[in-house]
Amino acid sequence: KSEVECLIKLFDKLVAESSSRFAAVGFDRNMFRDILHSAFGMTDDMIMDRVFRTFDRDNNSCISVTEWVEGLSVFLRGTLEEKIKYCFEVYDLNGDGYISREEMFQMLKNCLLKQPSEEDPDEGIKDLVDIAMKKMDYDHDGKLSFKDFEKAVRDENLLLEAFGPCLPDIK
């Protein structure tokens, strides 16, 4: 109860400081991204947008106090099951219930440093996607279903954030 009260107080404080047109009801995307960056060190634009969409349950482009508390509950204190669902939702860029090769490629291309000597910098990313598919695509249908993702993460917990950091670190 005290943690929820603290989250609500923090929400109210942040909203009061906001100059957003949503300030009466909550955070807009930019303010939420600023919070993810300053509080949790997130820097990947695509991942931050996906985290915003995952928190914004009613798709009204605004994080309400309820969405804030429920989202942070999973984000900070979620069970493995809750975190698996959350990460899968973040990574399923088009919301079709699968993580495709293209979606993996989009997320992973921001992770690798481009070497100036490389002729095709996308080659390394394609290799990573192939490795991820071999490791995680249990039903061999060329895409990751929630079931594939869940089994892979349960077998190897480090795969939870395989396609980009979307949870806070231990600090």
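A Cβ is built for glycine as well, from the same backbone N, Cα and C atoms used for every other residue.
Note that the structure is predicted; figures quoted are calculated from it, not measured.
Marked as domain 'EF-hand' by TrEMBL: 43-78, 79-114, 124-159.
When DSSP labels each residue, the domain 'EF-hand' (124-159) comes out as 26 helix, 3 strand, 7 coil, counted as helix, strand and coil in that order. Residues in the domain 'EF-hand' (79-114) partition by DSSP class (helix H, G, I; strand E, B; coil) as 20 helix, 3 strand, 13 coil.
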